[in-house]
Amino acid sequence: MTTITTAQIKSTLQSAKQSAANKLHSAGQSTKDALKKAAEQTRNAGNRLILLIPKDYKGQGSSLNDLVRTADELGIEVQYDEKNGTAITKQVFGTAEKLIGLTERGVTIFAPQLDKLLQKYQKAGNILGGGAENIGDNLGKAGGILSTFQNFLGTALSSMKIDELIKKQKSGGNVSSSELAKASIELINQLVDTVASLNNNVNSFSQQLNTLGSVLSNTKHLNGVGNKLQNLPNLDNIGAGLDTVSGILSAISASFILSNADADTRTKAAAGVELTTKVLGNVGKGISQYIIAQRAAQGLSTSAAAAGLIASAVTLAISPLSFLSIADKFKRANKIEEYSQRFKKLGYDGDSLLAAFHKETGAIDASLTTISTVLASVSSGISAAATTSLVGAPVSALVGAVTGIISGILEASKQAMFEHVASKMADVIAEWEKKHGKNYFENGYDARHAAFLEDNFKILSQYNKEYSVERSVLITQQHWDTLIGELAGVTRNGDKTLSGKSYIDYYEEGKRLEKKXDEFQKQVFDPLKGNIDLSDSKSSTLLKFVTPLLTPGEEIRERRQSGKYEYITELLVKGVDKWTVKGVQDKGAVYDYSNLIQHASVGNNQYREIRIESHLGDGDDKVFLSAGSANIYAGKGHDVVYYDKTDTGYLTIDGTKATEAGNYTVTRVLGGDVKVLQEVVKEQEVSVGKRTEKTQYRSYEFTHINGKNLTETDNLYSVEELIGTTRADKFFGSKFTDIFHGADGDDLIEGNDGNDRLYGDKGNDTLSGGNGDDQLYGGDGNDKLIGVAGNNYLNGGDGDDEFQVQGNSLAKNVLFGGKGNDKLYGSEGADLLDGGEGDDLLKGGYGNDIYRYLSGYGHHIIDDDGGKEDKLSLADIDFRDVAFKREGNDLIMYKGEGNVLSIGHKNGITFRNWFEKESGDISNHEIEQIFDKSGRIITPDSLKKALEYQQRNNKASYVYGNDALAYGSQGDLNPLINEISKIISAAGSFDVKEERTAASLLQLSGNASDFSYGRNSITLTTSA
């Protein structure tokens, strides 16, 4: 390699000037004029561009000679510094890697770094695209680079001048339209200079154009260009993205500048063709189209291309909305790319592919939109210039024609560019499917499901504990994914995509079980045929549909053209009308069908119904049903069916015709106010330029049945217990034992024959046991509980409840009021009545009844009609805490509260008609024995004597309970406890050996009183 010294360069500088001048002259008058004008404008702007050569620098090859010669010809000052290169870089550039620096002398180009760049220039040129590798054919490599630097500097300065004028005008300064027009023309000239210095070889660019010559052939002044553009390759074969845009724009620019021999420099400038190089693709995409579009969208000027014009007053009717939409495309592409990172790790790169599509088409869109905007700006600028006679009218007319042609070319090319990018993405998908032998979009759903399992592991792994089983079998539906659907539409693969995919996963002991080939011998889940088989399971199992599962069947898709640019992929479902479930055979299981979609809309408010047929095993099973019909064959064990986990309509359960225990027909009306899961067909529309793709897919809605009433029918076999809905349900029991739960709502529950257990739960319910020994539980709400024939246990729960028992003298009934103001009506038999908390009415009837009262209860009224052995247990009260007083025919018992016993405040018991003795009245309203917690007894006779004694000797109308004792001790409680146990045992078939809540509630308390006594030591007050 030859080494050249600074001295040698100085000695040959004079001859180099002449050589460079000749070379510049041969480049063409247009280029020479442009470059000289650029140099002049740079100097006029008051800035100097300097090529700085340190004294110790030795150039390589002949490139330094070229630098010096061309710099001199271009008017760039060459300076030699006495300092060495290291000192200069430290002082001016800060680092030896920088090419350009700013000093007090001016903008400085560091020769050693530029020389290094020249050695790599050929390689760089090949990368830049278009005809960039031919840059500098007439001026040399050095001239191309230096003139580019110079013209960029001039462009920046010209743009700044426009910015200053615009800012001045916005702030109220006096700026005329002619000043703006002149500044615009100056900027246009600068851009033309840049184009001319780079794109002076038309042959290298014209080969890239599409067959657009026919459009231009008949245009005046441009027929030469049109002829040159005939018979060129199709645009679909040109590279995608910015390379495509750059190639087209470079070719158009070079052709218009150099092919029209009759056009002078001013005409070329007025035409504004060179402004199409705004995207600067042929200088390595040095200025980002995205940044330009964003700045323009924000109303800001830039120093790149003609972006300053966008914000200027001469721009007419330029809408920023187009730029905003482009900016949004890039934002969305970035979000999709960010979203894609997780799924790449899970084996799916479709999201990244979609992001790349939006970035490439967004770049094309940004470029073409920006160019169209600039062309409109140029036309406006030239028109403004024409009004001030800066250019002639013919030039102004030519501008409109040329810019219109270019806009048409770009618009015609846009769709082809978009489709080329889409085809690239489609090729990637096809290649992946060929390699892996699998549907690409199905793989996307697999990745989505893997992420779902990761995100929800804590919930999924705890289901077995929640449902008290050993194993959870969880079926999950991954529903339609809009990004997957969008990619399918973009790549014309709508017929290959899926509405989603369903999965089955297994969990035990908080861990997910991997599906091994030898672990699960048969296909457990077949969503195409609608089969689920758990018969091989050896563990207690939960079958749960975690997300709404689409109806079983096969999807068939067909993509067809529906318009010039419109396509639709239509969906046909070859559905199966039944889910068949084989349950766990020897262990208890839970089957949660509440998320199973059983209604599919097929158009015109018509519905297809999918039934559930469930064959359970011999364990104790639980079944949660959905809104559709079902056949449940429960098998052995104690099996429970639930209707309350989702909206299952208005429920009627009928066992009146059953010939075997556990058989019921369940009718459900899905009225207009009932919301159910419905499968529907929806469409996603995707646009690729002018092309639109509609893809149909299955989804679901939780919605009303459009004002119509649908009736569903369930057939239940060998089901021991039923739980109703949240609505007002009707239950009609069989002649066998029925166990019904009303759940929420105001329910009507009739047990009919058999020993039934009826639960009203929430709501104002009516429960009737019918014949048999029944147990009725009202639950929350104001309930009515009716015990008919047999021995009945009635528990009202919370609320103001009413109890009725209708048995004969042999009947034994338990009536427990619970909280609230209750009314308890006994039968002719022996009844146990406990009003519970609240102010209650207790009417035992004609039998020998037992009443129970605790200190925490409210004011009770006992209206006993008969019986010669009625008893009252004051289970946790001592007689020293009460007093008795006669009021008319009633006997009032007052109890102490807070060590105060207040006569006149009815807080204990009123014994209605205790003293009533009418002629011929066989009724007996007295309670024959009143027990306190210690077993001491007051009888009607002992109470009568005590009251008479107090009235006679103390002139008092009341008597302490302790002064009315007849007899009794702790041992006298045993017979009472035995009687209570017999009634409880008979009522509702309670086994007294078992720990029954109801029985334990009715046991008598043997605890000591909370009060501390002397004899009648509590404070006694009287009140009116």
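Cβ atoms here come from the backbone N, Cα and C positions, even for glycine.
What Swiss-Prot annotates here:
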type: COMPBIAS; residues: 20-32; note: compositional bias 'Polar residues'
type: LIPID; residues: Lys564; note: N6-myristoyl lysine
type: LIPID; residues: Lys690; note: N6-myristoyl lysine
type: REGION; residues: 20-39; note: region 'Disordered'
type: REPEAT; residues: 732-749; note: repeat 'Hemolysin-type calcium-binding 1'
type: REPEAT; residues: 750-767; note: repeat 'Hemolysin-type calcium-binding 2'
type: REPEAT; residues: 768-785; note: repeat 'Hemolysin-type calcium-binding 3'
type: REPEAT; residues: 786-803; note: repeat 'Hemolysin-type calcium-binding 4'
type: REPEAT; residues: 816-833; note: repeat 'Hemolysin-type calcium-binding 5'
type: REPEAT; residues: 834-851; note: repeat 'Hemolysin-type calcium-binding 6'
Practice item. Can you tell me which of 786-803, 816-833, 834-851 gets the most C-beta pairs within less than 8 Å of the repeat 'Hemolysin-type calcium-binding 2' (750-767)? Key: 786-803
**Study point:** the repeat 'Hemolysin-type calcium-binding 3' (768-785): DSSP-derived helix, strand, coil residue counts
**Key:** 0 helix, 6 strand, 12 coil
**Study point:** Whole-number mean of pLDDT values that fall within the repeat 'Hemolysin-type calcium-binding 4' (786-803)
**Key:** 94
**Study point:** Contact set, same chain, for the repeat 'Hemolysin-type calcium-binding 3' (768-785): CB under 8 Å, 6 or more residues outside the stretch
**Key:** 733, 737, 742, 746, 749-762, 791-804, 818, 820, 986-989
Check your understanding: Where Lys564 (N6-myristoyl lysine) and Lys690 (N6-myristoyl lysine) are concerned, what is their Cα separation in Å, rounded?
Key -> 9
